[in-house]
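K.L.:
Sharing the record's features from TrEMBL:
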type	residues	note
BINDING	His66, Asp104, His312, Glu316	divalent metal cation binding site
Amino acid sequence: MDLRELVSALNDFASPSLAESWDNVGLLVEPSPPHTVNTLFLTNDLTEEVMEEAVQKKADLVLSYHPPIFAPLKRVTWKTWKERLVVRALENRIGIYSPHTAYDAIPHGVNNWLTKGLGACTSVPLHPSTAPSSPAEGTHRVEFCADAEHLDAVLSKIKDIPEISCLTTLPARVEGKEQTRVSLNCSQEALLKVVALLSQNSLLYQTTEILLLQKPLLPHTGMGRLCTLSEPLSLSAIIERIKGHLQLRHLRVALGAGRTLESPVKKAALCAGSGSSVLKGTEADLYLTGEMSHHDVLDAVAKGISVILCEHSNTERGFLSELRDALAVHLQNKINVIVSEKDRDPLQVA
């Protein structure tokens, strides 16, 4: 499959528009075209050891869940390990693609996979995603009525304001008089200028309506998950389930104030990776994530919320096997999809 065709298919599987604004997702390294992909290589972290494995297995594209290029590179030399990844990739004509938080948000992504460790439950996103292209422009809609005497002058001034879009006019009858109803979309900054202009004429200002344009929420899509278990389980039982799902021998556990290992868990909030900012403020019996700051753990515990920490990538890596099967179907088995055997969490229990 041609690389650009494959990237388009990967973007269809999980739109990069769903990723967080701070993230760096999509095609990060592209060999000179044309570039044919026969083997797609999946990893959670692209380390030098994993890159060597990708070379040995003749991968044509590495899908690295975490973007190996995050902070901008000022040069590509042999000096640092991330620069060497780019050098090795280009020398061996291997592309690099990263989905990261786009995979966190989608209904069939990392967080959905993590919920399976809790057993039977229903879940909703903690921070729902909004449709990226609706409405297309502007944050607010402004509507007002003007008579023929004032219409041309006010429209002329409005058109000079930047960030105005979707300007339309329609005949209207107001209090028995023939007028024109004006509708426009504008940014937050432009709104202040439009309102200032209209307020100069009391007749225009009295008919002005301002609407906040809110993008519709995407069902089952967004960051984190709030899970309601079908039947309450003790924290100790949840711990064993999570260990089994993540194939871990040890977890870190902080008991909420007034809680024990036998306290029931009915609601669990979870976030793969680093969950502090996503979980904060959520009411639940349990927080499940890879890592949280010391002080955020203390805050949760003080509120009676128990915390399970599994280390960052341990809450993500197991998804790769499920992803391999899903992508094979999505790509109609046109290419070979394999999972790294060298990829592992850098932290071990000694």
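Positions of Cβ are set from backbone N, Cα and C atoms, glycine also.
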K.L.:
If you count CB neighbours within 10 Å, which one among the binding-site residues His66, His312 has the smallest count?
P.N.:
His66
K.L.:
For the binding-site residues listed here (Asp104, Glu316), which one has the lowest count of neighbouring CB atoms within 10 Å of its own CB?
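P.N.:
Among the binding-site residues Asp104, Glu316, the sparsest Cβ neighbourhood within 10 Å belongs to Glu316.
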K.L.:
Other residues near the divalent metal cation site, CB within 8 A of the CB centroid of His66, Asp104, His312, Glu316?
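P.N.:
Not counting the recorded site residues, we get Asn44, Tyr65, His100, Val110, Ala272, Gly273, Ser274, Gly290, Ser313, Thr315.
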